[in-house]
């Protein structure tokens, strides 16, 4: 067999084992890139923390000013208050979070998926703190006076005590004697919708039907939020719309295949997209390749690489990448493709 034929066969075999690097960082893992990753992780942590605490702070303050007479609601007029549905709604929220956690455990690009979900959730909670502060709606319970805590004179000690309580409980409240006015828009719904969208979008194709567990749980949870009168119908509708909008705008923007196309898009004029641009600058543009890669397989791959190196086999550590560096005046669009052995190939689902 001639050298040309050998090269053709090698190329043919190699192409079948090329690892897609959608969502993979640049192969140049220098100190600057590691610092950038830590900076982004710290930013996202505090963004989510501040967004969440701002919600709790607004509730702690506005509770004493919220009226106690429920507003009319079309579902309330048709269905009586179902107190059992509140616990079921909380269970649906927990199930959606568990499903997202499972996805993060098996996904090849779990870090990228987590980063995107955290930013979407933090952005939504920041929006929610503004709507809560702008307009206070009375709770929709049949017995608001019995379900809500007494209203007292506003004092710093009362405010900070409530804020500390909400922080310790991560926003969860008991079903009786609660802080009221935490309504527009539904925090339960934004969590369920964001989780279900992420699960449906990032599940590998072979286990894609599992997305319906998240979708059904989200739908049932939203219904429970209304019939238990934890939220008005409008709270759930607005939360559903906004959660879809933020999630889809993020992905529509970061999946443009050229960095320059992103900056020419009308989405770039929306301020969150400037932050998205920074968060995604070391990520390959385009849709992620949804593959399974269990964390404990890294140890096995590391051992295989060491053995391969000891046997004189060449093992490539580079991955195909095309990254966006918004700090540079000129955007370079480079592709690095590597051929790796089957022992390092992500576990296909």
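From the backbone N, Cα and C atoms, a Cβ is placed for every residue, glycine too.
Annotated features, as they stand in TrEMBL:
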COMPBIAS  316-329  compositional bias 'Low complexity'
COMPBIAS  337-349  compositional bias 'Polar residues'
DOMAIN    180-252  domain 'Sphingomyelin synthase-like'
REGION    307-349  region 'Disordered'
TRANSMEM  42-63  transmembrane segment
TRANSMEM  83-106  transmembrane segment
TRANSMEM  183-203  transmembrane segment
TRANSMEM  209-227  transmembrane segment
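The residues of the domain 'Sphingomyelin synthase-like' (180-252), classed with DSSP into helix (H, G, I), strand (E, B) and coil, number 59 helix, 0 strand, 14 coil. Long-range contacts of the transmembrane segment (83-106) within the same chain: residues 113-114, 117, 172, 175, 188, 191-192, 195-196, 198-199, 202-204, 210, 213-214, 217-218, 220-221, 223-225, 227-228, 230, 292-295, 349, each at least 6 residues beyond the stretch ends and with a Cβ under 8 Å from a Cβ of the stretch.
A Cβ distance under 8 Å defines the sequence-distant neighbours of the transmembrane segment (42-63), meaning residues of its chain 6+ beyond its ends; these are 115, 118-119, 121-123, 125-126, 128-129, 132-133, 136, 148-149, 151, 154, 158-160, 162-163, 166-167, 170-171, 179-182, 187, 279.
Summed and averaged per residue, pLDDT over the domain 'Sphingomyelin synthase-like' (180-252) gives 94.
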